[in-house]
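Among the features that TrEMBL reports, domain 'Sodium/calcium exchanger membrane region' is placed at 332-475. Feature annotation from TrEMBL assigns transmembrane segment to 26-47, 59-77, 89-109, 258-275, 295-313, 325-355, 361-380, 392-413, 433-454, 461-483.
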Amino acid sequence: GVVLVGVANSTPDLLVNLSPVRMEGLTFNIAMANALTIICLSGGAVCFIRPFRMNGHSIFRDLLFLLLIIELVRFFMNDTALAPWIKGAILLSIYPIYLLINIVDLILLRYAIRKLRADIEVLRQSPSSREHDLILTEKIVRLNNLQQDDEIQILESKLYRKRTYNAGFFVTPKPLIHHKEVDVETNRRILHSKANPKNLFLFSEFLQAINPIDSEGWYLSGTCARILQILKAPVTLMLHLVVPLVDYQLVKHGWSKMLNCLQIVLTPFVIFALVETMLVHKYAEWYYVPQFRMAIWSLLVTMPLAIVVFLHSRTDIPPFYHSSYCALTISTVIIFFWICAWEMDALISIIGVVFDLAPSYMSITFNSVSAATADLIAYAHLAKHGYGKMAFGAIIGGSVYSLAVNVGIELVLQKKLNSRGQVVLYGDDGVTIYIFLVITITTTLWWCLTFNFVARRSAGLFMWSLFVLFLVYTTAIELQWVHGFQDKKKKKK
């Protein structure tokens, strides 16, 4: 969660930060506002949806790293002795150190598991006594807890809404049916037979894979849901053609021979075309002019590769390299998110101009909420399917990545300098965001300890309430109903 999910969800915001739409934005303000929004909204949603037990020391480690980065940046803003690029290099080095600590922690965890197993085996062969049995029970319980932190299980994504103990809106629900672990290898080989032709059901499987309307959902849906499926069909068809599917819950893991071979050519072509179009930034009236120079060159590599995969693979079983399609999937999704976030930033800036709202206010409120919406959907989806621990770890880890890398790159590039030759990172709203973010971190540590590291619905409601309070306060400052912290400081001077 900290490494893969957190980095993947935070990368689009990093790319938007480097785009022209944020040339005038203050990076530290935006990064802190994004971290506050994601922790409060997404973290609150994960805690609210279903209970789960956290890894206590991991949560404390991640939150303290986040606090360290915030305080280090504030120290660098007041320090003029170091060059900006040195400060940026120090900040950028924090995230590799953070990853290294996570890796070392995982190694120590697995070492502790092996040691406990050896101790339990020795105790089981020893003469029994009351003290002996207590020690054995304690070690077994500790081993089970450590194994839960170490295991990565692929669970069924079926949602059992009715089989849940529900005592009211404010009561944490207790699930009565738990998700089963998926048998990955059985799903992979379930249709395989050496007697089958290599291209059995090639075209019918392709047409079924690109069908934008789910037949089961269609028959079970009403009129409104069917109309919604029809409206979504063009976008769904495009995504089916471009984004490869690797799902261990499905038969053959979602493998479709013709479609996956086509995606080897089509997906890199689309990625290169979109990136080149956004970087060239050439307009024709109100839309971008598509650029295909780099995309055409990609065909020299992808077309022969697609032919080789088509000749080698079968329709009834995915090849051993099917999981490598995840790289294409992640790249495509990140590019799509980047473009959507870029356009959303531009749209919100226009709305701010129309309603005469300050750009700084729009960037820390509307921009942050729009950027966090996609993350909220992804983390809520993970929480519903039993991956709450992964989702919450990704929320904190992604915030660490976003703050360290965004601010570090801004210091290295030195695009916005003041009269003292220092990079401008902080605005008038920065103190307000900083105070609310520190409150969020400290209160999260507090309720984690209070609830014995078990996420509860009340914790989610508390985090949402904290974010609503932040929005109300920043809006009151923008409308000049109250003074911000920075305004008070200026008046004293």
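Cβ atoms here come from the backbone N, Cα and C positions, even for glycine.
Those TrEMBL annotations? Automatic predictions, nothing curated.
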Could you tell me what the rest of the chain brings near the transmembrane segment (59-77), counting residues at least six beyond its ends with Cβ under 8 Å?
-> 2, 28, 32, 35, 87, 90-91, 94, 98, 101, 105, 392-393, 396-397, 399-400, 403-404, 407, 411, 422, 425-426, 434, 437-438, 441, 444-445, 448, 453
For the transmembrane segment (89-109), distant same-chain residues with Cβ under 8 A (at least six beyond the ends) = 2-3, 57-58, 61, 65, 68-69, 72-73, 76, 146, 149-150, 400-401, 404-405, 407-409, 411-412
Going along the chain, which residues at least six beyond the ends of the transmembrane segment (295-313) come within the CB cut-off of under 8 Å?
-> 198, 257-258, 260-262, 264-265, 268-270, 272-273, 276, 319
Where DSSP helix means H, G or I and strand means E or B, what are the helix, strand and coil counts for the domain 'Sodium/calcium exchanger membrane region' (332-475)?
-> 114 helix, 4 strand, 26 coil
